[in-house]
Amino acid sequence: MTDGSYSQVQQILSQQFHMPEEPIILLFENDKEMPRRTFHSLIKRTLTQIERIGGVHVSSSPLEQKEMEKGNIAYALLSVPNSIQEKRQAIKQIREAISVDRKISIKLTGKPVIQEDVNRLSKYDLKRAERIGIPIAFIILVMTLGGLLSAIIPIVAGAMTVVIAMGIMDVIGDYGGVSLSVFVYSVIPMVGMAVCIDFALLMISRFKEENRHLPANEALLITMATSGRAIVISVGCVIMALLGTLYIRMPIFNTVTLGTLVVLTVSLMINLIFVPALLYRLRKQLYSSRKDKFKQKGRSLWMAFIYFIMRWPQASAILAIIILSVSLYPVLTMQIGIPGPESLPKNNEARIASEKLAKWFESPFVSNVWIIAKDKNQEIQQDILRTLEQDSRVIHVDAVRSYVNKETTFINVWLQGNESSREVREWILERSNQFAMLGVQIGGEPKYKQEIVDEVFYRLKYVLFIVICSNWIILTIAFRSLLIPLKAIVMNLVSIFASFGILTWIFQEGKLGMETSNIAIMIPIFIFGLTFGISMDYGIFLLSRIYEGYKNSLDNEHSIREGLAVSGKIITSAAAIMIAVTAPFALAEVSGVRQLGIGIAIAIFLDATIVRMVLVPALMKWFGKWNWWSPFNKKL
């Protein structure tokens with residue numbers, strides 16, 4: 001929710017018209033077709049029981065307002081406390097009350113109930129994803145690092161990161177007065193485990209590589225100077241990408257960004273302090289010469305692959321661009337939506353109740369807009385009413401004066417058009433501008449959606465500008481090149497938008513067994529903020545090794561070959577781990593979590609394979625020494 005007109009109208013309706021800000025809806029269904037009097041008697045008995053629950057009040061009842069009953073369906077609105085804990089407890093007690101001696105079908109829905117179900121199911125989704133993803137990640141680590149002990153260290157580091165970050169966010173939520181989005185509790189474990197394991201993998205593999213021919217202390221120093229440096233640069237890029245999303249002034253974005261910043265900072269500290277200390281302490285147990293032969297075979301395979309790319313860079317680049325372009329195409333048809341009850345499973349009670357309520361009491365082509373008019377001059381309020389009644393797009397207008405403040409009038413407007421449509425958003429903006437000087441405020445669900453859409457799309461261009469410029473500056477300083485940072489950023493954007501295209505194809509077309517749905521409005525922002533930085537990690541891992549080789553030899557092609565041969569397996573393994581941790585969220589019950597997990601997994605797969613292993617080296621070969629041109633370098 002934003003802090004705009006919608007939330008202000010909600011507060012006024014609650015304080016002056018006794019309408020709950022976010023009511024719980026109790027849906028009654030006479031599925032046994034009992035007499036109307038018996039049906040009403042059971043409704044009355046249920047509402048009387050609910051009124052006994054502390055803090056819960058019946059705001060509107062079908063026994064008093066006939067329009068709240070149609071056929072065998074009726075509903076009541078319940079007012080509950082605003083605090084999260086009290087609201088959660090009230091929902092639990094209401095469910096217990098309606099489960100006793102139930103003779104009619106009673107279901108709960110409304111925003112508080114839907115949010116509670118989303119929270120509950122998201123926690124279940126997280127546990128299931130961890131049970132699937134972490135064992136797979138462990139197997140990949142064993143295969144990559146060549147030992148159980150080496151594989152255990154990243155898992156331990158990741159677990160420590162998640163526990164510490166969760167603890168910090170709980171403190172912020174409990175004592176900092178910050179209401180945390182449900183996505184925080186999905187993103188922290190998802191990002192914490194994946195990123196920390198990737199960082200630890202980079203540190204351990206470099207330490208073991210150097211420790212083959214150098215004492216442990218010297219090997220650790222080189223590891224910190226190379227892999228440690230790459231990690232610091234990576235985290236810097238990720239943080240700048242995430243800080244850009246803070247420009248979107250919405251709690252759901254801000255709390256997820258805060259949680260991700262916390263988990264990244266903790267991950268950085270763990271990998272710069274805990275992991276190096278553990279590597280030095282266990283140096284003798286980690287080293288195993290019997291894996292060298294296997295590693296040489298792996299290196300030979302990478303060299304053969306690299307030879308092909310270096311031999312035909314133009315053809316390789318064109319093939320990669322074609323694949324990415326095909327993946328990008330569906331993004332042109334992406335439809336953004338604000339998630340509601342449809343984000344829950346089809347058999348969820350709150351979703352079923354919400355759909356029945358919409359079917360019986362709402363029209364899909366009519367929007368209900370609430371207007372609050374404040375003015376002592378009654379003629380001005382009458383002019384507003386006449387203007388609305390004469391509007392060809394308005395179907396019906398009702399007005400109610402406040403009993404608390406005689407200067408305030410609540411105007412209920414029924415408007416042609418779906419509440420998510422562009423026409424309704426434009427009507428709301430027109431009326432907001434027209435009535436701006438008359439003390440008029442607009443609310444209702446259409447206004448809520450208009451504020452969110454406008455806030456996101458208005459600020460998106462500034463977010464992109466901040467992210468791109470900050471990352472370009474960091475990479476230019478790190479690699480002393482103007483072209484390489486530019487290519488890295490463009491490649492990141494291409495892989496991310498290609499993942500948006502595939503995500504659109506999967507969900508909007510209902511492919512791969514997914515329920516057809518729009519893309520939740522926050523998902524592209526979350527994927528962009530997270531994967532832009534994570535993809536940059538892989539780019540930095542690769543470029544760091546290439547840059548090391550170029551500093552020593554000043555031979556562009558040789559440095560590309562060596563950089564890919566040494567880091568190719570690590571990048572592929574790191575991406576496989578990231579995918580193993582995020583892809584199981586495809587099984588999530590909550591649609592938004594499902595879209596987030598699949599989107600990140602697709603973006604990482606495209607980036608680590610087609611982009612990093614094919615397109616980047618092909619373009620670097622193509623550009624030759626111009627890769628390393630910079631006005632700060634004395635020679636090219």
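Yeah, the Cβs are placed from backbone N, Cα and C, and that goes for glycine too.
Taken from TrEMBL, the feature transmembrane segment covers 136-168 (among others).
Summarising the annotation, TrEMBL assigns domain 'SSD' to 156-281.
The transmembrane segment feature in TrEMBL is assigned to 180-204 (among others).
The transmembrane segment annotation in TrEMBL covers 230-250 (among others).
Taken from TrEMBL, the feature transmembrane segment applies to 256-280 (among others).
Residues or ranges marked as transmembrane segment by TrEMBL: 301-324 (among others).
Per TrEMBL, transmembrane segment is recorded for 462-482 (among others).
Note on the transmembrane segment (489-507): residues 324, 327-331, 333-334, 468, 471-472, 475, 514-519, 523-524, 527-528, 531-532, 535-536, 539, 595, 598-599, 602-603, 606-607, 610-612, 615-616 of its chain, located 6 or more positions outside it, place their CB under 8 angstroms from a CB of the stretch. Marked as transmembrane segment by TrEMBL: 489-507 (among others).
Sequence annotations record features per position, and here TrEMBL assigns transmembrane segment to 519-543 (among others). Listed as Cβ neighbours of the transmembrane segment (519-543) (distance under 8 Å, sequence separation of 6 or more from its ends, same chain) are residues 183, 187, 191, 194-195, 198, 202, 230, 233-234, 237-239, 241-242, 244-245, 248, 252-253, 256-257, 260, 334-339, 343, 452-453, 456, 460, 463, 467, 471, 475, 478-479, 484, 488, 491-493, 495-496, 499-500, 503-504, 507-508, 563-564, 567, 570-571, 574-575, 578, 591-592, 595-596, 599-600, 603-604, 607-608, 611-612, 616.
What TrEMBL records for 564-587 (among others) is transmembrane segment.
Feature annotation from TrEMBL assigns transmembrane segment to 593-615 (among others).
Within its own chain, the transmembrane segment (180-204) has Cβ neighbours under 8 Å at 115, 118-119, 122-123, 125-126, 129-130, 133-134, 137, 141, 144-145, 150, 153-155, 157-159, 161-162, 165-166, 169, 172-173, 223, 227-228, 230-231, 234, 238, 251-252, 255-256, 258-260, 262-264, 266-268, 270-271, 275-276, 279, 286, 522, 526, 530, 534, 537, 541, 570, 573-574, 577-578, 581-582, 585, 592-593, 596-597, 600, counting only residues six or more beyond its boundaries.
Note on the domain 'SSD' (156-281): mean pLDDT across this stretch is 86.
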